[in-house]
Structure formats: C-alpha cells, structure tokens
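Since the structure comes first, as structure tokens, the remarks are kept for the end.
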C-alpha cells in the first residue's frame, strides 16, 4: 500500500535534524532517460524500461521500524485478526442471532459497505491537514462503534434490521477509511529506501491476520449463537486495543499548500495526480480492482457450476493464493522496486489479463483436468495481484504533492471500493452468458487499463519525487517519533 521524509511530508517533532548520510544521498538513484533523451511523463517509452539501483534488502528490525514501529505492527496484527474473524461470521450473525434472513442481511451489508465510501473523501481532506496516527486510530475506533451497535441490536428495542444496518455502516466506514490512512502513515514514517517494502510488509501481515482470524471464526461457529456473540465482543475489544496502540504514537505530517510541490517536466501530470479531479489512474484502477473478486466469486462459479468440480478446488486455490502472497510479497516488491512503479503497475495489468485468458483456456479442458489447469494459472494470477498491490499505492505516494496526498489516496480508495462493490454483480452477469464472455471481457478491460496506465499515469522515474527536495535527517526524525512515542 512510497514516501520518504521529503519537505512538506515530514513528521511533526522537535528533534534537531541530523546530517544526511551517504546512504541517504544514495536512496534516490537516477538512471539515464531513454527514448532520445526525452524527460518527463513519456521518458523511456521509446526504449527499454530503465532500471534503478536495487535497494538494500531490509532486515526484520529495519522493516518493522519502517512500517511504523513495533507498537504499530502489533496494532496491525490485532486489527487484521479481528477483521478476519468478523468477515465470515457477520452474515451468520444477522441470520442466526438476529433472525433477519439471507436477503435482508445481505442487503444491509451491501448498504453499509457502499455508504462507507462516502466517508473516504472527508478522510482525504483530514490527511491533507496532517493527520496520520489519529486517522488510522479513528478508522479502527469507528469499527468498535459498529461492533457495539451489532451487539446491542439483539437487546435494544426496535427493528433489528435497522440496528444491523447501522452496525454494517460503521464497519463499512472503518474498512474503507483504513487503507488510505494506513498508506499515509507508513509513507510518512518510512525511509525512501524501504517504503515499498514497508507497505508490502503491512499487506502481508494483514493477509496473515485475516487468514488466522477466519480460521478462528470457522472453529467458533460450531458453538452456535452464543459463540457468535462472544466472537463479536472479542473482535470489538481487539479493534479498541489496536486503536489505542496506534493513537499513542501521535504521528502527524505537514501538508500545507505549496510544500514540496513538483517541478520540472513532470509537474503538470504530478499536479493532476494530486488535484481534486479524477485521474486516468483512478479510472484505470476499476478493471484492476475486479481481480480481488475473481478469486472469491468468478473462479468458484466456474469450477463448481461449469466444470462440476469439487468445491475443495476453490478452497485450495484460495489458500494457495494467500500463502504465496504472505510468503513472497515483500521479496517480490523489493526486487521490483528497481523498476519504475508505473511500469510495474502496467505489467501487472498485462499479467492479470494473460491469466484471465489462461482461465478461459483451462476451463475448456473440462472436469478435474480443467480444475487442475485453473489452479496452475492461478499462480500467474497471484503474481499479477502482487505486482498490482505492490505498485499502485506506491506510485500514488511517490508522485503526489504532500498537500493533496490524502485526496489522491481517497480517490484511489473510492475507485477500488466501487470496483469491489460492483464486481460480484458484473462478474455473475457475464458468467450467466458464458465463461468465454466473462474471461474475454475481463482480459480486454484489464489490458486496456494497463495501456492507459503506461500512457497516462504519472511517471515516477527520472525526476525528483514531487514532494520536493530531500530534507536531511527527516527519516531519522520520523523513526524518532515512533521510538519516543508515549506508552
């Protein structure tokens, strides 16, 4: 989910800046432009993709500090564990504990997630005023309110469906606001050399926590409605602990208008990326965002209803995807950081598009042979997913002026949220016509999005990062805030 301590994106503190070290000076290597020496957004388009100096492989302690420190790492783990427990049992809580029925429960959950997106623009403006740890803590605290309302829906007077809908709304606000707030905080405290790896580490930790939480929830569901209530209470307590840990960090960032604004050939595109309007990257992200529900919606439908394979194939592919992401994401992101993030994001679209065509071809084999072929292609799909998640947010953070980073992140989250909300219905409508239309449409849309990213997304290579010149010692000051934050 690529910020260093550049001017205008610093951390509020009172420590004295330390002199820049040789490593700091080497943390922003440049490579010669290609394509006839052209600079700017189109640099490198006529020649091979430029390669940057490989960043140092971060040690665990370095990566933990770059990701926000031990306290923030613990908070992320607790929050992810709670979210993992919440997702599987929320639908069952509405059906079994509140007796709402499948249709009303599903509708309430959808309303909560969609209306939760309305809070994201306000979060973006708050981030642009310098909020960092407070914004992450607020996203976690809102979910605590949602759990309290959820628990109270069974005992308070009135219709339980309204209580469940309000709870889903608070939970949706917390879920939608967490991602941009987390990216802004990690970007603020991470040294440039480790920013991409730090964001990847946060995603890996979250994926592991989600998986562990889902396993706990699955085992707890055998205990009936009483176990579901206990699980909800434990989840709310976990969110509260995580919010307290994050809020105690008291990290803020400067984001005043005019600080760290871009200059040079990339200035117009960087300004467009950080302004208030929708950008090409936001629009291109919609087809990319469909990839998350391919694994959970499209593949199970194809495997079970078209190939008549065992549901165990879907479960195995899902588990395999999670294991690969958790085990390899950091190493892959560190290796890819030698290349421009825009090129990596465009390459992710190419890999995802090819994987969709592979799913189409594999499905033609039929039966267990087709299911096994789909499982093999899912490894390629997972590679595209890692490339996408490892470069998209990093590209935004690296090319957006400090005073409007929050708005840029919130717009991207709106794009991702809308794509995730619309994709189940769109995927199933396409599948109802035929698997060929499903995979061909996905491949065409994603490949077109990859071309748009390569052509119109801001370029993070060959120009200074648009938040301004590096300020000596800022990364060390950011780590000082994490280390000295009150308990």
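Residue numbering: from 1, along the chain as shown.
In case you wondered, yes, glycine gets a Cβ from its N, Cα and C as well.
TrEMBL labels come from automatic prediction, so no person has curated them.
Of the candidate ranges 192-211, 252-271, 412-431, TrEMBL annotates residues 412-431 with the feature transmembrane segment. Of the candidate ranges 1-24, 25-48, 313-336, TrEMBL annotates residues 313-336 with the feature transmembrane segment. Residues 71-72, 74-76, 78-79, 81-82, 85-86, 89, 92-93, 96-97, 133, 136-138, 140-141, 143-144, 147-148, 150-151, 154, 174, 216-217, 220-221 of the same chain, all 6+ positions outside the transmembrane segment (228-246), place their C-beta atoms under 8 angstroms from a C-beta of that stretch. Across the candidate stretches 107-127, 343-362, 412-431, the maximum count of CB pairs under 8 A to the transmembrane segment (286-307) is reached by 412-431.
Cβ atoms under 8 Å from those of the transmembrane segment (107-127) belong to residues 90-91, 94, 100, 135, 139, 161, 164-165, 167-177, 180-181, 184, 255, 405-411, 413-414, 417-418, 421 of the same chain, restricted to positions at least 6 beyond its ends.
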